[in-house]
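Lifted from TrEMBL, the feature list:
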DOMAIN    22-53  domain 'Zn(2)-C6 fungal-type'
REGION    87-107  region 'Disordered'
COMPBIAS  87-97  compositional bias 'Low complexity'
Amino acid sequence: MSRFILDLNEPPKSKRIKKGTACVACRAKKRRCDGVWPTCAQCIHDGEPECVNAVMKVTPRTLILQRKIAGLEAQVSLLQSASGASGGIDSDGAEGAQDQASRTAVGHQVPLATRGRGASPGLDVDLSCLSTAVFRAGVPRHSSVAHSRLGVSTPRLIGSWWATGDPPPSSLITTLSGIFAAHEHQHTHDPRPPEFYASLHDPDMAVGSHPALRNAVCLVACVCTPGGPFTRLEPVFLRRTTYFLEQALANVDRLLDFIEASIFLAYYFVHKGRYPKSVSIIAGRDIKCRASGTCTD
């Protein structure tokens, strides 16, 4: 038992040597080298014929990070130049100068400065095929009704909310929430009350739903109408849902809405056939919610 007693007079063990200073034999056999020259303790113990101490050239971590930052900055500059070169939409000569300027500002590609506010990088978001008549028609209860009303196209774009980071128009939320309600039976046995759909229209987080939940509902509605015009909105709502989920988790804000929006995001990836991604989202949210104390079961 005496060998287990801590000797207070024993000198503390030396710290580990710096990376790249181990001898060749210890490095090859993956054993801990003490870096003593001319022969380390491991080589003496194993009876190695020689102890060659060849110091490796290790790149400093700061230099590695600086190189990565330089590469990212080069990619950003390339994307900015490409976005500026192809950011306009050709307009007919009969249209006014103001309409042409608005089309050019919206563009096929979202500017880089607005991508972090809800738009997806490098997207081809041309929503000119969506008709204002669709959003004035009310709430369609079935996807077939929505498809029949989405056949009319109009040359004028309906705002530029997808590029500026603003919330979707109330009429668009009405249409998408109607499509979501028509397919609600596919992912729940508890139909949501009308108050839930009414809260999607209020951008105030203190009164309405969390932006992550609102965008997740719109994302599920878009994927429930495959091949329709709303398919073009999927990248926008996917980017916004992911962004607001990260914000909600970072701020520990509205965790119940966070959980529900995460489930809808996983449901979206199931629709897309990306089952591992869906499972990883559910597992990750479960771990994070348990860590935050929201789920204790």
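Every residue gets a Cβ built from N, Cα and C, even glycine.
In TrEMBL, annotation is done automatically, which means it is predicted and not curated.
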Whole-number mean pLDDT, the domain 'Zn(2)-C6 fungal-type' (22-53), equals 83
Using DSSP three-state counts, the residues of the domain 'Zn(2)-C6 fungal-type' (22-53) come to 12 helix, 0 strand, 20 coil
